[in-house]
Every structure is written in C-alpha cells, then in structure tokens.
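Beneath this line is the structure, given in structure tokens, with notes to follow.
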Amino acid sequence: MAAEHQSQASTDDIRVPPVAVLGGGSFGTALASIAATGGARVRQWMRDADLVEHVNTHHVNHRYLPDFSIHPDVVASTDLAWVLEEALLVLVAIPSGGFRQVVRQASPYLAPDAIVVSTTKGIETDSFLLMSQILEQETHSAHIGVLSGPNLAAEIAQGHLSASVVASNDEQTRSRVQAALSCDHFRVYASNDRYGVEMGGALKNIYAIAVGMAAALGMGENTRSMLITRALAEMSRFAVAQGANPMTFLGLAGVGDLIVTCSSNLSRNYRVGYAMGEGRTLDEAVAALGQVAEGVNTVSLIVRRASEENIYMPLATGLYRVMFEGVAPREMATALMRSEQSSDVEFTLPREDTRRAQQQTAARDISS
Ligand SMILES: NC(=O)C1=CN([C@@H]2O[C@H](COP(=O)(O)OP(=O)(O)OC[C@H]3O[C@@H](n4cnc5c(N)ncnc54)[C@H](O)[C@@H]3O)[C@@H](O)[C@H]2O)C=CC1
Ligand SMILES: O=C(CO)COP(=O)(O)O
C-alpha cells in the first residue's frame, strides 16, 4: 500500500515541491494531509513503527487523530533520511521538549535549499529560545519560518475552514508555504513578524489553562470575555517588550488563536485547566490528557522572565501560583479582583498634548 502511494506521489513532484513533516502527532498529521491535498508528495516522519504501519495501511492516525482519514498520498516512515530526501519544505511538528533533539538528528539530511518551518507553540526550557531560533542554531537553512494561528488539528482534519499565518523574514519562505498549504479549507496569510507570531502561539496556551479552570468553576461568559481580553493585553505587553509588532496580536496568531484555544474543549491546554478547576492536581490533569499541553511549561518560563524584566503579568503570575504553589483557584480569582487598581489602565492613555494634536488632525481631515 505504501509503495503504491509512493509511486503515485512521485508524479506530483513536478507540480509542487516535496514536503516532509516531522512528527506523528495530531498537528503534524493534519498538516501532512493538507499538503497532500494541495498536490505535494508528502512524507511524514514518526518514531513509532507500529503507528507508521497503521497510517500507511489504514490512512488513519489511530493514536492522535483517531476519527479522521489521512490523505492517501501521505506516506509515513521512521526513516528520517528517506523522509527528508529531496524535501524542499520541511514542517517540524514536534513538541518543544523534543524539538532540538529531532532537528539535530534531521539536520544532516536537509537539502541545502530546504525551507524549514516550525509549527510548534512552545519555548525551550533552559535557553528560553523559540523553536525558529533553535532551527537557526541547529540547521544551515537560510529559509526559516513559523506557522501559527487558530488551528485545532481535529477541526482542520474535519475540513472546517481555517486560516494560519506563516511568518518569516524571507519572502521565498512565506510564498512557498502559502502555495504549499493553501487548499479549499485552509488559507495561509503572510507576516514578517516571526517573533511576534511565534510568541503569540506560545503565550496563548497559558491563558487557555486559566480560562479552562474558570469554566470548570462555573464562571460565565462575562468572565471568559474578561479573561480573554485582559490576556490579550498581557501577552502583547510581554511580546512587544521583547520586540514583537503589536499589530500581530490583533491577527490570527494573536487574538485569533487566543479565542479558539480559550473556547474549545479540543484544546489540550484548556482541558488541563478544566481538570484542575474540577479539583484534579496538575500531575493528574497532565496524565489524564496523555498529550502535550505546552502551556504547563511555558507559564513558568514566562512568569520568571516577566519578573526579571519587571513586566506586569497578573494573570500569568496568578495562574502560576495556582498550578505550582497550591493556591486555590477561587482564592486567586478573588485576590486578582481585589488587587490594587492603580496599574490597571485598559490602554496606555495618550499624553494630553498628543491627544489634542490628534483631535486637530481629525478636525482638519473632516473639513477638507
Ligand atoms: N494539536 C493541535 O491542535 C495543534 C498543535 N500545535 C503545536 O504542535 C506541536 C506538536 O503538537 P501535536 O502534534 O498536537 O502533539 P501530539 O501530542 O499530538 O503529538 C506529538 C508527537 O510528537 C512526537 N514526539 C514527541 N517528542 C518526540 C521526540 N523527542 N522525538 C520524536 N518524536 C517526538 C510524539 O511521538 C507524537 O507523535 C505542539 O507544540 C503544539 O503546540 C499547533 C497547532 C495546533
Ligand atoms: O494551538 C492550538 C490551536 O491553535 C492547539 O492548542 P492546544 O495545544 O491547547 O491543543
């Protein structure tokens, strides 16, 4: 069966560049199918030989996306060299904990002009590096990018209309990824704010845990809206302080991803928060999930960095104290609601002279 797919796929090499996906989880599988739908020859690397056999025989990833068919032109393998052979677009969908190790293994097999794109929404623990920064360290590729947005894998696999952002400083990377991953149900927008897009994906996981917790405690939609909106202020404050473009947070990889992850039970981060809100410990919640919820690690890293750099992040800090210091969620909610109001300005207000100048410009525009 696999050989049959290989020969069929090889005729497609001429039309679209061959794609390699590293990672056999839900997102890697969803992306592999999208690339195959667009006509690419797609090879997917995963470490589990039984899963490879199952995917190639039944076209279903029974471990991570059990209810959905994979495009039959996706061929899985445990052989990294074979998967990367001739691949001109490489999508890395490995959780942040194993990302560097897998990229290091893959690096010798990368084609010299391969485009390498991270789809992982996390931060490396020891280095505080984002995944694209690891790609810069571990590969020789001049074409590095990230893909991030409101992209629940199960919904993509179902064919629900979805969109994402490819971010790179390299124009070729942006346009090739747009071409390779666009299909009837998936659309890719381009950005040159790689840091902001990638940081948005990592940060929103933290707040999905908090919102899941609030939902389990029976809090309503006002609460969800308040948390999402203040989360957006908090995550953009952090990322902009580190060099991100604030406009990125009004886009798919900012507020878009934040909304979906804070609203859906399909989000693993939301589910971890929900389980803790129901009274489970963090360890129990993570064990019950059986998959990666990147926000569990990210919250510690962000709270430490925010404290070092004096960036005001009350929600992330409060969540950290609930998750790791045993503070009860309701007690933390009350403490946050009663906290000192002086620093709670919704937006940084323009100075009086700036405001007056803006009004004069607006009046001129209207009268002209
Ligand atoms: N699932 C989703 O809806 C989305 C996930 N993402 C991001 O994609 C990344 C990957 O997530 P999923 O595919 O969802 O994860 P998953 O939990 O479904 O699967 C992870 C996969 O990576 C493999 N893996 C883990 N460590 C490895 C290592 N050291 N060496 C080799 N393989 C290893 C596992 O065997 C598994 O195949 C995460 O950072 C996540 O934030 C991004 C958008 C959507
Ligand atoms: O990033 C995601 C959706 O865009 C998936 O979120 P989870 O990792 O919480 O499942």
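Each residue, glycine too, has its Cβ placed from N, Cα and C.
TrEMBL has this to say about the protein:
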ACT_SITE  LYS204  active site, proton acceptor
BINDING   SER26, PHE27, ARG47, TYR64, LYS121, ALA153, ARG268, VAL292, GLU294  NADPH binding site
BINDING   LYS121, GLY149, LYS204, ASP257, SER267, ARG268, ASN269  sn-glycerol 3-phosphate binding site
COMPBIAS  357-368  compositional bias 'Polar residues'
DOMAIN    19-173  domain 'Glycerol-3-phosphate dehydrogenase NAD-dependent N-terminal'
DOMAIN    193-333  domain 'Glycerol-3-phosphate dehydrogenase NAD-dependent C-terminal'
REGION    343-368  region 'Disordered'
In DSSP terms, the domain 'Glycerol-3-phosphate dehydrogenase NAD-dependent C-terminal' (193-333) comprises 108 helix, 0 strand, 33 coil
Ligand 2 is in the model; which of the recorded positions SER26, ARG47, LYS204, SER267 have a C-beta less than 6 angstroms from one of its atoms?
SER267
What span in Å does the NADPH site cover, taken as the longest CA to CA distance among SER26, PHE27, ARG47, TYR64, LYS121, ALA153, ARG268, VAL292, GLU294?
22
CA pair SER26 (NADPH binding site) / ASN269 (sn-glycerol 3-phosphate binding site), Å rounded to integer, equals 14
In sequence order, which same-chain residues at least six apart have a C-beta under 8 angstroms from ARG47 (NADPH binding site)?
GLY24, THR78
What remains of the recorded positions GLY149, LYS204, ASP257, SER267 after requiring a CB under 6 angstroms from ligand 1 is none
Distant-in-sequence Cβ neighbours of LYS121 (NADPH binding site), under 8 Å, six or more positions away
SER148, GLU198, GLY201, ALA202, LYS204, ASN205, GLU294
The domain 'Glycerol-3-phosphate dehydrogenase NAD-dependent N-terminal' (19-173): mean pLDDT?
97
Taking the Cβ of ASN269 (sn-glycerol 3-phosphate binding site) as reference, which residues of that chain separated by at least 6 in sequence fall under 8 Å from it?
ASN205, ILE206, ALA208, ILE209, GLY212, THR261, ALA293, GLU294, GLY295, VAL296
Considering all pairs of residues in LYS121, GLY149, LYS204, ASP257, SER267, ARG268, ASN269, annotated in the record as contacting sn-glycerol 3-phosphate, what is the maximal C-alpha distance expressed in whole angstrom?
15
Ordered by sequence, the long-range same-chain Cβ contacts of GLY149 (sn-glycerol 3-phosphate binding site) under 8 Å (at least 6 apart) are SER162, ALA163, SER164, VAL165, TYR189, GLY201, LEU252, ALA253, GLY256, ASP257
Assigned conformation of SER26 (NADPH binding site) - DSSP reduced to three states:
helix
Using all protein chains shown, find which of the binding-site residues ASP257, GLU294 scores highest when you count other CB atoms within 10 A of its CB.
ASP257
